[in-house]
Every structure is written in C-alpha cells, then in structure tokens.
Amino acid sequence: MASQLLNVPHLAFFPKISYASVFSTLKPSFFHSTSTRRALKSSPSSRIINLQAVAETSSEIESNSVTETTVPLTLRQICQGFVPEHILHRMEEIGFVFPTDIQREALPTLFTGRDCILHAQTGSGKTLTYLLLIFSLINPQRSSVQAVIVVPTRELGMQVTKVARMLAAKSEIDVKGCTVMALLDGGTLRRHKSWLKAEPPAILVATVASLCHMLEKHIFRIDSVRVLVVDEVDFLFYSSKQVGSVRKLLTSFSSCDKRQTVFASASIPQHKHFVHDCIQQKWTKRDVVHVHVSAIMPMPLCLLHRFVMCEKTNKHQVLLALLESDAPESAIIFVGEQSEKSKKAGNDPSTTLLMEFLKTSYKGSLEILLLEGDMNFNSRAASLTEIRQGGGFLLVSTDIAARGIDLPETTHIFNFDLPQTVTDYLHRAGRAGRKPFSDRKCIVANLITSEERFVLQRYENELMFSCEEMML
C-alpha cells in the first residue's frame, strides 16, 4: 500500500510506549538532524518509520526519559524550531497549550514535508494542525500567495479565516505580519481582485467556485504555493456539485510535486480506496501519510442520543414539547433539504414552515434564527453574527451548518428530519459538546417515524452509540 498509518512496531522493547511518547522525549533540535529527517522521510517502499536511522540520534534522547510517566508534550515543544516564536506566543495566549491527539500524531510528520490526510473526529483540532504547518512555511517578506485553504462553504471559510487571523495578529515582537484573505462565495470579488494584484496575501482561504473564478481569469496563480489544504475533503469529493473544480485545482492549476498537500475531514468513507485515488490521480505525492486518529467511540462521549417516534404530521408539536421539557441553552434544529419535486410544485420549504410555527408557538427566550443554502450570503452572515454576539439561540438549519461551523454554546441538536447518511449524522451531532473544558452532557434528539427506526439503528451500529427512546 502506498500510504501508511503511523505504526512503529520496532518499539516493542519500550513497554506501553506510543509513537507520540517517543517524540515527546526528543529535543526540538532532534527534528533538524539529517538522520532524523531521513528516517521520517522514509521511501515509499518502506512505509514505516526507519528506527535504525532514528537510533543514530539516540544521544538526543534524554537519559531515562522514556517511561510510562513521561510529562505530556506541549504544542510549543512539538512546534519549536518550525513555527515562528510570535505565532507560538499568540497560540498560547489564545489558550492552545497542550496538543490534541491529531496534533500530536500529525505535526511531526507534517513538519518533514510529507503530504497528509488528517482523519479525526469533529472538534479534534484539525484546523489548528494545518494552520501551524502553514505558519511554519510562510515567509512574510515574500509578496505572493503561499498557502491556499479550500473550504466547502462560506461559513466554514469565515471560521477558518478568523482562527488564522487570530494566530497571525501583530505582536509586540518586531516582525512583519502575515496577511490572510477570505475569498468566499458572495464576497466582493472586484475588491479581492485589486487586493490580489496589489498586495497578495500570504494565506488565502477560499471556496471552490470563487477560487476557480480567480484562477480562470488569471488574477493570480497557485502553481507556486507551498501548501494546499482541502478541508472537509470527503464532502467536496463525494457530496458536492464541485467535484470537477476540486480535481482541476489539484491537478491542472498546480502540481502535487511542487507543493505540500493536506486533506482534512472527520469522515473519509473507504479511506484506503481514497488514498489509492490520491496517488493514482496525482492529488498527492506517492508517500502520502494517512494519519487516522480513531477515538474509542467515533462520537464524543459527552453526547446523549435519544429518539421520539411520531407521525410526520405531528412533528412540529413534538419538537415544541421537547424544547419546553429540555430547555436547551442553545440548539440547532436540522431540517432536510427541499426536494426538486417539492420546489416545482411550489411548496414552501420545511425550514420556512418550521420557522413560522416556532415564531408563533415557541414561548421561550431563545432567539429563533435561520441558516440555509438558498439564503443570500448577507443573510447567512447576519444569522451567524447574531449567534456569536451572545445569548441563547434556536438555529433552524439545513446541513449547511453541519460541516465545520463552531458554535460552542450549542447544548442540543434536534434532527427534525433524520439525516440521509451516517456521515451526515456524525457531522450534525458533532456540532454539540464543543465547549472547551466543559463536562456538560449534550443531547442529540431524533424525531422519526416508525419506518425510520431501522435507519437510526443502522447509524447506532456504525457509529457505536446507543439511542434511548423518549416517551412524551
């Protein structure tokens, strides 16, 4: 196989020691040594980290430090020598001190220049992982686009841009700042064209359509970018109408041999087949590394899953009863997309009908907001702005809110319509339980008909969770 998971079988003589704990004992200079880089950049035929080469730098390992009680490695220790000091300082100011599992496993590999597929559950820190890689490679003195992050939706793009700008914020240290541009659907492309030509940003966060438009108009080029990230890669390849444009970005507008490519997602169906396609289609280099951090449970343990069986005609009243009994602090109510047949018949979408019902029947204090793909971009942005200004909310949304949007105050997810796939269930549920340092149990409630019970059972089996029936 042309990819590898991060396996280190030769470490059997270190009892109960993981790959990460070995790296936790190394000094930052360890990663700069020629022999170490040779070990980490093992040839495609070896597919495994060459510990014989690593052993050449054994003097770098502190005496008696490889034990079961090794102090956890900090993000600074992992990134020292790669990421600029002012970025590390800002990272710690924001509150990123200790790495998540995906950061601990992926960053040492990313810093060697290898292409990576970051595969870990929602809320696991994939965004910060690839941003730290980008900041390790950016040269602020160079006036060109050096990193491109491709996202499926405007909302996720706004979120990634916000985190990137927080990290890149000017510090007291006398260094030139790193500029970040958001090139997202619905933006003012004329202004972006002028910006790209006059003073190209170092980092560009873009939706597929807007990015391809700029490239086709020759406003700028990405054949010289150092890093290309595709976030929510499974959605862009398997669930969107932009597959052709994504493939073109990866092969026609730039070459995988001239850049470092990073794919990220919580769900990559048939990941072995996907890795094979990455190599065969030349989306990545042949020695791409699939870093799969699989939690014991695919779902966050802080989530409690429930379901209520009801008739379709009674769903509005059942939802209202759940809102009154559960009294969520904030909630997202997921509604299915309107079918083409329903649109042609001139029917109102389910989101509109539900919004009208809630505004007349819900007596609680939460603000009722709407987010769906058919809204104009200004309305969508306004909804998210209202949410982030504080206060509780009831957000009625289609699956546009299921990917990447971070609303930490969300305590409840209501699946008014059951998601169509197990992947959609995973991403919807992952919008709750994201508040840092909170041990609060959050609720995922499903409103289903008796005919849909077997579908929910299949999701339970695949995602290894148990769903309790509620009687109203």
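Cβ atoms are placed via backbone N, Cα and C, with glycine included.
Keep in mind that what you see is a predicted model, and the values were worked out from it rather than measured.
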Which residue range, 47-75, 76-104, 395-423, is the one Swiss-Prot calls motif 'Q motif'?
76-104
Annotated stretch (motif 'DEAD box', per Swiss-Prot) among the listed ranges 231-234, 279-282, 371-374, 427-430
231-234
Additional residues around ATP, ordered along the sequence, whose Cβ is within 8 Å of the centroid of Ala120, Gln121, Thr122, Gly123, Ser124, Gly125, Lys126, Thr127
Thr100, Ile102, Ala266
Counting across all protein chains, other CB atoms within 10 angstroms of the CB of Gly125 (ATP binding site) number 19
Hey, what's the Cβ neighbour count for Ser124 (ATP binding site) at 10 Å?
21
Per-region confidence, the motif 'Q motif' (76-104) (mean pLDDT, whole number)
94
DSSP on Ala120 (ATP binding site), three-state: which is it?
strand
